[in-house]
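The transmembrane segment annotation in TrEMBL covers B:12-32, B:39-62, B:74-94, B:106-125, B:131-149, B:161-183, B:195-222, B:234-258, B:270-289, B:296-317, B:376-398, B:451-472 (among others). Feature annotation from TrEMBL assigns domain 'NADH:quinone oxidoreductase/Mrp antiporter transmembrane' to B:124-425.
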Amino acid sequence: MAQANLLSIVVFLPLIGAIAAAFFPAAEPKQHKALALVVTLATFGASLGLWFGFDASPGAPEFQAVVHVPWIPALGVSYHVGLDGVALLLVMLTTALTPIVVLSAWNAVQERVKEFMIAILVLETAMIGSFAALDLILFYVFWEGVLIPMYLLIGIWGSENRLYATVKFFIYTFVASVLMLVAIIYVGAKAGGTFDYVQVRQALEVSASAQRWLFLAFAVAFAVKVPMFPLHTWLPDAHTEAPTAGSVILAGVLLKMGTFGFFRYALPLFPEAALHYRPAVAALAVIGIVYGALMCLVQKDMKRLVAYSSVSHMGFVMLGLMALTAEGLTGGVYQMLNHGVSTGALFLMVGMLYERRHTRLIAEYGGVARQVPWIATAFVIVTLSSIGLPGTNGFVGEFLILSGTWLARLASAPWFSAVGATGVILGAVYMLLLVERVFFGALSNEKNRTLLDLSLREWVVITPLVALIAVMGFFPQPFLDPARPAVDRLLGRFAAVEHRLEERDPGRPPTTGTQPPALAGRE
Amino acid sequence: MTGLSPTDLAAMLPIAILVAGALVLLMSEVFLTSGRRGFMAGITVAAAALAGLAALLAPPAGRVFGGQAVVDGFSVFVTVTVCGGLALSALVGAQWLHARDAERGEFYALALFAAAGMSLLGSAADLLMTFIAIEVMSLATYALAAYMRRGRKPAEAAFKYFVLGAFSSALLLYGTALVYGVTGSTLFSDFARGSGALLVIGLGLVGAGLAFKIAAVPFHLWTPDVYEGAPTPVTAFMAAGVKTAGFAVLVRVLMAVWGGAVMGSARFGAVAAALAVLTMLFGNLLAVPQRSVKRMLAYSSIAHAGYLLVGVVSAGAAGARESALSSVLFYLAAYTATVIGAFAVVGAVERTDVRAEPADAWDLSRLAGLARRRPGLAFVMAVFMLSLAGIPPTAGFVGKFLIFKAAINAQAYGLAIIGVLTSALGAYYYLRVVVYMYMRAPEAGEEGALALGPALSVALAASAVAVVVLGIGPGPIADLARAASMLTQ
């Protein structure tokens, strides 16, 4: 029970902080910064209690720290929250990144600090809430709740073209989400008038064609958020125009809401439709990997480059999920965390350079490693993580995904795996080119001769992320363990569906789970 | 039907209170010697509150006046919603009129008369009663629309409203005559007695007359001009009250048609569904290019009529009737709180000297940088816009959720999908208001602070609180709406 209350505290503490901030005077920006930092750190501290209290053994209940109280009983809507291992990891990612984001905005945000901090805090509640929700309507409320503060973050504190970017971001995600709302209402009606996730998952009985439509409605909403090719076009604009803090949260957490949505909702609720559409989704994921990487090669703007690299990396996550093997799913989950850490760190450092030079154009830099050796060092480490060098977290994730895909019982899975692997190579190319063009070579631009290296505050911002990269690279097990029961349950669910499909259609070859790894068996 | 029984009179108590309040205000204007009129809004609010309480506390009387009116949970819900809208509008009006030196007892008296007509419409179970109630409501609102008739736009608005309103009343009356000719009765419950094309035509004319009142496409053409030209508090009251009353009577008529198995009743459903689609589509599409916030809200009110129609259409499926009717009632309550709040903000930022620049008195640029000049005002406006767009956690979201849930229960999947897609379109122009308030600098010369009087502040706070409370804890009101969805025919 204490655990349960703790989860509600973690969800709503930032919101309470935001409400409190409303009563502080706007003319005192320092108070708002301090308040936001204290609240987000306290939230992180509280979430550590969830982390240590989580039981990852196979016999443990699926959802832990559960609170289940009626909210609108007449409509079958309840306040039902709880965490499985995957949600736990993403909640931890959120609570860990947010104080870093607050700290990173310390000097970058000069105007309307009060509103900025309130937006960040409201955003944190909405993000944690959407990972913790176990009721479809509650989930939808948090899911939409993310949009407004993010919309304000880009629209008020963004750069020149912010209005276009923020409206595009909002309309894209909103249109896709409202279709999901229709699907949610339909699901609730078919599951006997309840929107409770656990009950719906058990009770939902719909025809095969209805299931396909429902899967599509959910999948499109999530695919926009991921973003998957070809629904990604809002992302480069949003990232480029967003303030650093917005980019970090967007890349670090918001994109995971899409992949988490696949893992939690689209796959387990509509398994047969998921099997039906799996090759298409996997193909789009691979296209996204390669396309994102190719787009990176031609970018002139650092932020845009990192944004397109997100398209590529999130493609890996989707590929891992679609493999429906233990390795693929685990790798997908792990890569969600990695991407949050390493892309978040990349955006932070691009933001640091931007604060110093007020430009994000790669051509404006060159050879700055001489001036700012520590920034360069941190950037190189993060780059190595981003391209998946062994010893960094990125390697663990990408290796699991690619091997999991190779072994998947999915038509032409080795091709997916092989083409996806070219994304790793291209990733090394564009990231190392970026490092080379920004940090190494001759210090040609005079304006770069006066750059200052990391300040104490920036050390505090970047060190935890760099440390996390190393820890997650060398000791992945503590981060893989919590995800395991959730991954096994999902696979078990699909195995049951396979069984049912085979009864209906004898002789149907299984399509989930792992192939025997021997190549000889493949012929 | 000989004489009036005490039950009949008791059932009409809320309406009597509203009318009494109006008379008191009219008489006070005769005897008043000083120029102080601050108390008038207070009397109006008190009358509205008393009437609402009387409606809530009185035992449901069922059929009264020989079956011509019905007092049931539905009518009580409508009366309370109308009274709430009246009280909020009166508070908004107090400051607006005071700033223009136009505060008179007639204004509040007319509003009270209009509310009496609206409440009566919620109870009407007879076409003649409907006609009388509509006329009581409409004559008062025509006069209200013309209350500040100086200037080209107000005069045009008032005249247009009167002419088209009279036209729609004529349609209604003609339809009534045809129905009476076929069935020998004007009671809704007697529709089933008749059959044949004449009855269908008569009911169609009645429906067209009502469609004017609720501003459904293609009967909406008066709405933008009238909403823009009428004094802002009046617009708020019309958008909330006339819509609520119009939908109340439309629901009763259609329920009688569907319940009584009138020939071609399925086709009425199809026509209403088509109207719903057109209304949602055009209301939203036409709102997109508007620069005037007031005009944008006018088109948005058309769009909202479309969503409400989705709820009404869903009530045609027997299995979804309860959820559909309760969703319509909830939506009306949510819309009342939201739209009056939104118009209150529009009224607060609008130029006092309308004659100077009539064209851009309500231009979006009036809202530019509002978040810096008046953070509180900008925040509540943002809340109202999010609610109109149907974004959680606001009343508007719960309203849309209930409506679309009803549509899905009724297996009207197409209506639900068109509904959510058009509401995404709506998000675009509602958010533009937020963009102007939060993301643009104030126009030169507009940096000065706006004065907010206590009455307006109370109205804004009350509607904002209502919008948020209905969004986060909709349970009690949703239960009330559910209980009120059992119609006594």
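Any Cβ shown, glycine's included, is placed from N, Cα and C.
Quick caveat, the model's predicted, so the values are computed rather than measured.
Long-range Cβ contacts of the transmembrane segment (B:131-149) within its own chain (Cβ-Cβ under 8 Å, at least 6 residues beyond either end) map to 100, 102, 106-107, 110-111, 113-114, 116-118, 120-121, 124, 155, 157-159, 161-162, 165, 169, 172-173, 176, 213, 226, 229-231, 234, 237-238, 241-242, 245, 249, 354. Long-range Cβ contacts of the transmembrane segment (B:39-62) within its own chain (Cβ-Cβ under 8 Å, at least 6 residues beyond either end) map to 7-8, 10-11, 13-15, 17-18, 20-22, 24-25, 28, 70-73, 75-76, 79-80, 83-84, 86-87, 90-91, 93-94, 103, 105, 107-108, 111-112, 115, 119, 455, 488. Among residues of the same chain six or more beyond the transmembrane segment (B:12-32), those with a C-beta under 8 A of the stretch's C-beta atoms are 40, 43-44, 46-48, 50-52, 54-55, 58, 64, 79, 83, 86, 104-106, 108-110, 112-113, 115-116, 119-120. Within its own chain, the transmembrane segment (B:74-94) is flanked in space by residues 14, 18, 38, 40-41, 44-45, 48-49, 51-52, 55-56, 58, 60, 103, 107-108, 111-112, 115, 118-119, 121-123, 231-234, 236-237, 240-241, 244-245, 248, 251-252, 325, 329, 332-333, 336-337, 340-341, 343-344, 347, 453, 455-456, 458-459, 462-463, 480-481, 484-488, which lie at least six positions past its ends and keep a Cβ under 8 Å from the stretch.
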